[in-house]
Amino acid sequence: MPEVPAAGLWPFLLLLAVQVSTVASSTQPWHCAPCSAEKLALCPPVPSSCPELSRPAGCGCCPMCALPLGAACGVATARYARGLSCRALPGEPRPLHALTRGQGACVPEPATPTASGLSSIEKEEAKASMVPERVPPESAEMTEEQLLESFHLMASSSEDQPILWNAISTYKSMRAREMADIKKWKQPCRRELYKVLERLAKAQQKAGEEIYKFYLPNCNKNGFYHSKQCETSLDGEAELCWCVYPWSGRRIPGSLEIRGDPNCHQYFNVQN
């Protein structure tokens, strides 16, 4: 899904909450923008003490030191070392919420003793069964976190999932089940989210279409806006974020648009 952690999944991705039904299509998924020689030249050196290099999280270009066993991890952190995966801590009541905030832990990948004798379909089913708090396809409670960051952390360290493609595929799957009738949705953020996905789905059909920056409304589970909104960047740059009113999505007057955390709670503390 092209998150976006600060440089790209940055947000991402979508992670682990939504299981998408495969949608047959001749179109190609959008991937991260290629890393130019200029961008690579700006990368800081990796410490010589680093035991294992890892691809950058999200759409970044600079190699990073892979996270070791037991290290804190999440959507916007470095990737974990080979043989590990990022999981919410045992007993965590909101696994997805914790992982999107870097509150997971690097643990050994669950063993699959009989994997060699399984078909590809059975392997995928076994993999999906390890996803905590999976949201069934019939669920209409899909936020930006679930759409954008699913399939990011739960993928093995060797996989590179096209995040935006998964978000659009999820949307198409819902439309196929006649579950995303925008006219019936009253919540403002949810309505805008599906309108944006509809536009992206249409743009994806155009041959040669390249989109490296876009905006997906960040909705809460009730269909209203999170006060912090960010663009999604697939070109390795830090995402721009800003603050909005949760009930309308309108920009808060005087709030800044910055690359990083705009600390939106400060505006509500002042007003209250």
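The backbone N, Cα and C atoms fix where each Cβ goes, and this holds for glycine too.
Feature annotations, courtesy of Swiss-Prot:
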SIGNAL    1-25  signal peptide
DOMAIN    28-109  domain 'IGFBP N-terminal'
DISULFID  C32-C59  disulfide bond
DISULFID  C35-C61  disulfide bond
DISULFID  C43-C62  disulfide bond
DISULFID  C50-C65  disulfide bond
DISULFID  C73-C86  disulfide bond
MOD_RES   S139  phosphoserine
MOD_RES   S157  phosphoserine
MOD_RES   S169  phosphoserine
MOD_RES   T170  phosphothreonine
MOD_RES   Y171  phosphotyrosine
DOMAIN    186-264  domain 'Thyroglobulin type-1'
DISULFID  C189-C219  disulfide bond
DISULFID  C230-C241  disulfide bond
DISULFID  C243-C264  disulfide bond
MOD_RES   S255  phosphoserine
Task: State the Cα to Cα distance, in Å, between C35 (disulfide bond) and C62 (disulfide bond), rounded to an integer.
output: 9
- line: In this predicted model, the domain 'Thyroglobulin type-1' (186-264) has a mean pLDDT of 80
- request: Could you check which of the disulfide-bonded residues (C59, C61, C86, C243) sits closest to C219 (disulfide bond), going Cα to Cα?
  value: C243
- request: Compute the C-alpha separation of C241 (disulfide bond) from C264 (disulfide bond), stating it in Å without decimals.
  value: 10
- prompt: Which of the three DSSP states, helix, strand or coil, fits C189 (disulfide bond)?
  reply: helix
Message: On the three-state reduction of DSSP, what should I expect for C50 (disulfide bond)?
response: coil
- prompt: What counts of helix, strand and coil residues does DSSP assign across the domain 'IGFBP N-terminal' (28-109)?
  reply: 10 helix, 17 strand, 55 coil
Query: Given the disulfide-bonded residues C86, C243, C264, which lie close to C43 (disulfide bond), meaning Cα to Cα within 10 A?
result: none
Query: Of C32, C59, C86, S255, which recorded positions come within 10 Å of C65 (disulfide bond), going by C-alpha to C-alpha distance?
result: none
